[in-house]
Structures are given as C-alpha cells and as structure tokens.
Amino acid sequence: MELGNVTRVKEFIFLGLTQSQDQSLVLFLFLCLVYMTTLLGNLLIMVTVTCESRLHTPMYFLLRNLAILDICFSSTTAPKVLLDLLSKKKTISYTSCMTQIFLFHLLGGADIFSLSVMAFDCYMAISKPLHYVTIMSRGQCTALISASWMGGFVHSIVQISLLLPLPFCGPNVLDTFYCDVPQVLKLTCTDTFALEFLMISNNGLVTTLWFIFLLVSYTVILMTLRSQAGGGRRKAISTCTSHITVVTLHFVPCIYVYARPFTALPTEKAISVTFTVISPLLNPLIYTLRNQEMKSAMRRLKRRLVPSERE
C-alpha cells in the first residue's frame, strides 16, 4: 500500500475502563479521589522540602524532583480518563494522542532515571559518608536531575519518531483509556512485526535489565549496612526499603506492559490503572509514612502555617 493514497485517521476512540454508567460513576469518584490525593501529597512534599531548611539535603532534593515528576506523570492521563468516564463518546485527536504518548514516555523515562539517581545517592551516603557532601553537591544533584530529564526526552523522541511515519488508515478504536505505543501500534495499516520487536527490546528488555540492576544495587547497599553499627543504621535501612518498594511498584507494571508481545490481556487495564494513576499516589505515602524526618518537618511546617497549632 502506498502511503500517498492513505487517508490518515484524524481521531481515536477509547473503549475506556467500562461501558456501564453505574461503574463509570464509581470509577470516576474513586479515581478523582486518587488523583486529587496524588496532587496534594506530592505538592506537600515539594512545599515541605522547599520551606524546611533541615531537608535541604541531596536525598530530599531528589525526592522533590520525583514528586514533580509524579504530578506531571499522573496529569498526563488522569484528567482525560476522568472526563471520559462522564462522557458517552470517548475520543482523542491524532495529534493529542501522539502528544500524550510523547509526554507519557518523557515523564516515565525521567522517572526511571530519577529512581536510579536516588539509588546512586543512597549508595554514596552509605559507602562513602566522608565524601558524600562533596560528591552529591547541589550542582552535582542538579546535573543528575537534568540528565534524568534529558534521558526521558531522548527515550520519548525515539518512541514518537518510530510512530509518526506509520500510516493509520483503517480502524481507530483503542480498547484502553489512554494512548500508548502497544495499543496504537496495533492500529497501523502496515506490518509492524519488526517495529514491535524493536520497541519490546527498547522498552521491555531495557526496563527489565534496569530493574534487575537496581535490585542488585540495593542488595549490595543492604549487605553493606549489615557490617555497620550505630543509630543511623536503622534509618538507612528504612530509607532503602522505601526506595525498593517504590522501584518495584514502578518497574513491575512497566515490565508487564512492555516486555511482552503487544497483545491485549484481561488484566491489562487493571495493570495500566495501577501504573498510570495509583503508583504516583503511593510514592508520597511510602516516602512520608516511613520517614520520621519528613513527618517532623511537615508538623513544623503546619505549626508555622496554622497559628492555632503553635499553642
């Protein structure tokens, strides 16, 4: 088929999470609560780290960046999902779909690289405590965060540059609630076997290997902590377990979605909801509920902002 004779699809239709109006209302209320809590939780982390001088350390500087990413990442999909749950016709233009894919992979890639930077920070703090302040200076942290965003940008450019030349001339129905490579790729009017293999290698294989690398890194860190003594050991172990939990919650759904052939499975929508909406909510909960220093800083900030709390 010659691409010049192909009529390009101008919009895609989502089947969404459910076809039932009652279920749509329940899901809307639930996901709206989750999204608002995600925004407030991550915003609270950003404000606390910014306003509390005791938290002006590399670890919290990186945590604030992760909170920014979580707000942006969830906002890429959640508002559209909420709108569609209240709409009979769930459509998205071709341009908006490609834009959503670009932002989704930019922020998702930056998130993965940022989690790697946080693992590096944790390793430096434990293995080289005397040189930690020098190695993880404010300038170095800024450079690492910038590199994380740039890595996400490059990853996203690769994804979108592979998709844009493809012809979309026939079916335009997506059995999902957001635009992503696996779903959109199945609607093209050409053979995508080689491209699918390339994207599985680029997304799935790299993500799996990166996840294994991070787990090995944290295992080394925990083994290093076993030989140390002192009051900081428990705090370091708590920090590491929080990191491991967040890494697992982020990577496992990614591996499920991208490290297999792009065929629809019954559990795909549930995993996608966890990946796109639930995970950004859990990150602030994990980092704050297990972190006494963060909770103390939030209480101090509350006393400063609410006059009655000072009494």
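Using the three backbone atoms N, Cα and C, a Cβ is placed for every residue, glycine included.
For Cys97-Cys189, the entry in Swiss-Prot reads disulfide bond, with the evidence type sequence analysis. In three-state terms derived from DSSP, Cys189 (disulfide bond) belongs to neither a helical nor a strand segment and is classed as coil.
Residues or ranges marked as N-linked glycosylation site by Swiss-Prot on the basis of sequence analysis: Asn5.
Feature annotation from Swiss-Prot assigns topological domain 'Extracellular' to 1-25 (among others); the stated evidence is sequence analysis.
Marked as topological domain 'Cytoplasmic' by Swiss-Prot: 50-57 (among others). Within its own chain, the topological domain 'Cytoplasmic' (50-57) is flanked in space by residues 64, 293-294, 297, 300-301, 304, which lie at least six positions past its ends and keep a Cβ under 8 Å from the stretch.
Residue counts for the topological domain 'Extracellular' (80-100) under DSSP (helix as H, G, I; strand as E, B; rest coil) come to 13 helix, 3 strand, 5 coil. Among the features that Swiss-Prot reports, topological domain 'Extracellular' is placed at 80-100 (among others).
Annotation source Swiss-Prot lists topological domain 'Cytoplasmic' at 121-139 (among others). Distant neighbours of the topological domain 'Cytoplasmic' (121-139): 58-59, 61-62, 217-218, 220-221, 224-225, 228, 236, 239-240, 243; these residues of the same chain sit at least 6 beyond its ends, with a Cβ under 8 Å from one of its Cβ atoms.
Residues or ranges marked as topological domain 'Extracellular' in Swiss-Prot (evidence: sequence analysis): 159-195 (among others). Across the residues of the topological domain 'Extracellular' (159-195), the predicted structure has a mean pLDDT of 89.
What Swiss-Prot records for 220-235 (among others) is topological domain 'Cytoplasmic', and it gives sequence analysis as the kind of evidence.
Among residues of the same chain six or more beyond the topological domain 'Extracellular' (259-269), those with a C-beta under 8 A of the stretch's C-beta atoms are 17, 175-177, 181-183, 185-186, 196, 199-200, 203-205, 207-208. Per Swiss-Prot, topological domain 'Extracellular' is recorded for 259-269 (among others), and the stated evidence type is sequence analysis.
Sequence annotations record features per position, and here Swiss-Prot assigns topological domain 'Cytoplasmic' to 290-311 (among others) based on sequence analysis.
Annotated transmembrane segment per Swiss-Prot: 26-49 (among others), in sequence order.
With a cut-off of 8 Å between Cβ atoms, the residues of this chain six or more beyond the transmembrane segment (58-79) that come close are 31, 34-35, 38-39, 42-43, 45-46, 49-50, 100, 103-104, 107-108, 110-111, 114-115, 117-118, 121-122, 125, 132, 136, 138, 141, 144-145, 148, 177-178, 239, 276-277, 280-281, 283-284, 287, 294. Sequence annotations record features per position, and here Swiss-Prot assigns transmembrane segment to 58-79 (among others).
Residues of the same chain lying 6 or more positions beyond the ends of the transmembrane segment (101-120) and with a Cβ under 8 Å from any Cβ of it are 59, 62-63, 65-66, 69-70, 72-73, 76-77, 144-145, 147-149, 151-157, 159-160, 163, 178-181, 184, 207, 210, 214, 217-218, 221, 243, 246-247, 250-251, 254. Summarising the annotation, Swiss-Prot assigns transmembrane segment to 101-120 (among others) and lists sequence analysis as the type of evidence.
The feature transmembrane segment is assigned by Swiss-Prot to 140-158 (among others), with sequence analysis given as support. Among residues of the same chain six or more beyond the transmembrane segment (140-158), those with a C-beta under 8 A of the stretch's C-beta atoms are 58, 61-62, 65, 101-114, 116-117, 120-121, 202.
As annotated by Swiss-Prot, transmembrane segment applies to 196-219 (among others), with the evidence given as sequence analysis. Sequence-distant contacts of the transmembrane segment (196-219) (same chain, six or more residues past either end, CB-CB distance under 8 Å): 112, 115-116, 119, 122-123, 158-159, 162, 181, 185, 240, 243-244, 247, 251-252, 254-255, 258-262.
Marked as transmembrane segment by Swiss-Prot on the basis of sequence analysis: 236-258 (among others).
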> Where else in the chain does the topological domain 'Extracellular' (159-195) make close Cβ contacts, counting only residues six or more beyond its ends and a cut-off under 8 Å?
Replying inline: 1, 3, 6-9, 11-17, 76-77, 80-81, 84, 90, 92, 94, 96-98, 100-102, 104-105, 202-203, 257-258, 262, 264, 268-269, 272-273, 276
> Within 10 angstroms of the C-beta of Cys189 (disulfide bond), what count of other C-beta atoms is obtained when all protein chains are considered?
Replying inline: 17
